[in-house]
Amino acid sequence: MPTPTASTGSTQPEPTPASPRSQNDLWMEKAKAHLLQNYKQQPITLVRGKGTRLWDADGKEYLDLLGGIATCALGHCHPEVVAAAKAQLDTLWHVSNVYYSEPSIDLAAQLTALSGLPRAFFCNSGAEANEALIKLSRKVMKDRGSPERFEIITFENSFHGRTLATVTATGQPKYQKGFEPLPAGFVHVPYGDLEAVRKAVGPSTAAILVEPIQGEGGVRVAPPGFLKALRELCDERGMLLLVDEVQTGIGRTGKPFAFQHDGILPDAISLAKALGNGLPIGAMLCSEETSKSLTSGTHGSTFGGNLVSATAANVVLRYIRDPQMLREVQEKGEYFISRGRELQARLPTIIKDVRGRGLLMGIELNQDAAPVIARCREQGLLVNSAGEKTVRFAPAYIVTREELDEGLRILERVLTPA
Ligand SMILES: *Cc1c(COP(=O)(O)O)cnc(C)c1O
C-alpha cells in the first residue's frame with residue numbers, strides 16, 4: 001500500500017510514535033498542498049474496493065451506496081470486468097481513431113442495438129458527449145438550410161457538464177458564475193413545464209436537451225408524459241430531441257436507457273457514467289439522418305473509443321442486456337423507495353420526500369444534506385448530495401435489499417434526534 005510523502009518521493013514517511021497520525025490525515029495534508037481546491041472532498045482516501053464495499057487508507061470499511069457517482073454499475077472490481085480489462089491491457093491499449101479497433105466496433109454494435117439509435121460516437125466523459133449533442137444539433141440545422149436555428153432549450157436545475165458550452169446548457173447559475181461571457185444559444189425553462197417550453201420555442205430554436213431524471217439537480221423524475229410531449233413538440237416544429245442519459249443510461253433506471261420508459265425515440269442521446277464501470281468513456285448515439293451531418297473531419301476525440309475502456313463497457317452491456325438484471329434494478333429501487341417512505345413516516349418533520357426510479361434515488365430533507373452525509377460517512381455509509389437538501393443513492397446494480405436496509409438504518413440513526 002503506498003503512503004503519502006511530503007513531496008514527489010515514494011518512500012514511506014515514518015509516523016513518529018509520539019504523534020500517531022492517521023494515513024487518511026497524512027494523505028489529506030498532501031492533497032491540500034498539491035491538488036486544485038475545486039472540490040468539497042470528504043476527509044478520507046479510499047484505497048480498495050470490492051462490490052459495494054470500500055476501504056480507506058486506515059482500513060475502515062464502508063458500505064458504498066453512491067457507486068462512484070453512478071459509475072460503478074457492476075460494483076467495484078467486478079471480476080469479469082477486471083479480467084477483460086486486464087487481458088486487453090496485455091494486448092493493446094490505444095491506437096487513436098486513425099484506425100479501427102475491435103472493442104469500440106463491438107461496443108457501437110451493442111449500444112445501437114439496445115437503443116434503436118443506429119450511430120455511435122465515442123469520447124471520454126459526459127460533458128464531451130453533450131458537446132457532441134450540441135455540435136450535432138447546430139450542424140444538422142445548417143445542413144437543413146436553417147443556419148438561424150442554433151438555440152437549444154434546456155431546463156432550470158439541470159446538469160449537463162462543466163465545459164463552457166455544457167455549463168451554459170446547465171440550468172444552474174451557480175456553476176456559471178465568474179465564467180462569463182458564456183457561449184450564446186441556450187435558453188432555460190422550468191423542468192416539467194410544457195407550456196413554458198412551447199413559449200420558449202422560436203425561429204432560432206434547434207433542439208431541446210433534457211434529462212429523464214434530473215440527477216445532480218436533486219433526483220427529480222420528469223412528470224409522466226413529459227418526454228413524450230417534448231418528442232411531439234420537436235416533431236411538430238422540426239427540432240431535435242436530445243436526451244442526456246449520462247446518469248440515467250446503461251440500466252440505471254431498470255431499462256437500458258431511461259427514455260425507453262416513455263415509449264419514445266430521441267434524435268440523439270449522451271452516455272457516460274455507468275458505461276465503463278468506472279473507466280472513463282462517453283458516447284453519443286444518434287439517428288441515421290442526423291448522423292449524416294457529422295461527416296469526416298467535423299468532430300473527433302483522440303482518446304475516444306480507447307480499447308481498455310471500450311472492453312470494460314462491452315462487459316457492462318452484456319449484463320445490461322439481461323432482462324433479469326434490469327428487473328432486479330427496478331425492483332430493488334422500488335423496495336428502497338417503499339422502505340424510505342416508511343422512514344419518512346417515522347421522521348415526518350425531517351424527511352420531506354423520497355423519490356427516484358430504478359437505482360437512482362433521492363431522500364430530500366428539510367435541512368442541509370452536507371452534515372448528514374458527513375455523519376453517515378463516520379458511521380460507515382457513503383452517499384452524497386444532489387442539490388442542497390437531497391441525499392443521493394446510486395449504488396451498484398448488484399446491491400442487495402439487505403444492504404439497502406443497512407444504508408437506511410444508518411441514515412435513520414443519523415437523522416433521529418438524540
Ligand atoms: C455527470 C453528468 C454530466 C457530466 O459528466 P462528466 O463526465 O462529469 O463530464 C452530464 N450530464 C449529466 C446528466 C450528468 O449526471
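Backbone N, Cα and C atoms are what each Cβ position is placed from, and that goes for glycine too.
Note that TrEMBL annotation is computational and uncurated.
Straight from TrEMBL, the features:
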REGION    1-23  region 'Disordered'
BINDING   GLY126, ALA127, PHE159, ASP244, GLU245, VAL246, GLN247, THR302  pyridoxal 5'-phosphate binding site
BINDING   ARG162, SER301  N(2)-acetyl-L-ornithine binding site
MOD_RES   LYS273  N6-(pyridoxal phosphate)lysine
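Positions of TrEMBL features highlighted on the structure.
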| residue | record | DSSP (3 states) |
| --- | --- | --- |
| GLY126 | pyridoxal 5'-phosphate binding site | helix |
| PHE159 | pyridoxal 5'-phosphate binding site | coil |
| ASP244 | pyridoxal 5'-phosphate binding site | strand |
| LYS273 | N6-(pyridoxal phosphate)lysine | helix |
| SER301 | N(2)-acetyl-L-ornithine binding site | coil |
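In sequence order, ALA127, TYR175 are the residues of the chain that are 6 or more apart from ARG162 (N(2)-acetyl-L-ornithine binding site) and have a CB within less than 8 Å of its CB. Only GLY126 of the binding-site residues listed as GLY126, SER301, THR302 bring a Cβ under 6 Å of any atom of ligand 1; the order follows the sequence. Taking a C-beta cut-off of under 8 Å and a sequence gap of six or more, ASP244 (pyridoxal 5'-phosphate binding site) has these contacts in its own chain: GLY126, ASN130, LEU133, SER158, HIS160, LEU209, VAL210, GLU211, ILE269, SER270. Candidates PHE159, GLU245, GLN247, SER301, THR302 (binding-site residues) were compared with LYS273 (N6-(pyridoxal phosphate)lysine); those inside 10 Å Cα-Cα are GLU245, GLN247. For the pyridoxal 5'-phosphate site, whose binding residues are given in the record as GLY126, ALA127, PHE159, ASP244, GLU245, VAL246, GLN247, THR302, the maximum C-alpha distance rounds to 25 Å. Of all Cβ atoms in the shown protein chains, 28 besides its own fall within 10 Å of the Cβ of VAL246 (pyridoxal 5'-phosphate binding site).
Look at the binding-site residues GLN247, SER301, THR302 and count other Cβ atoms within 10 Å of each Cβ; THR302 has the fewest.
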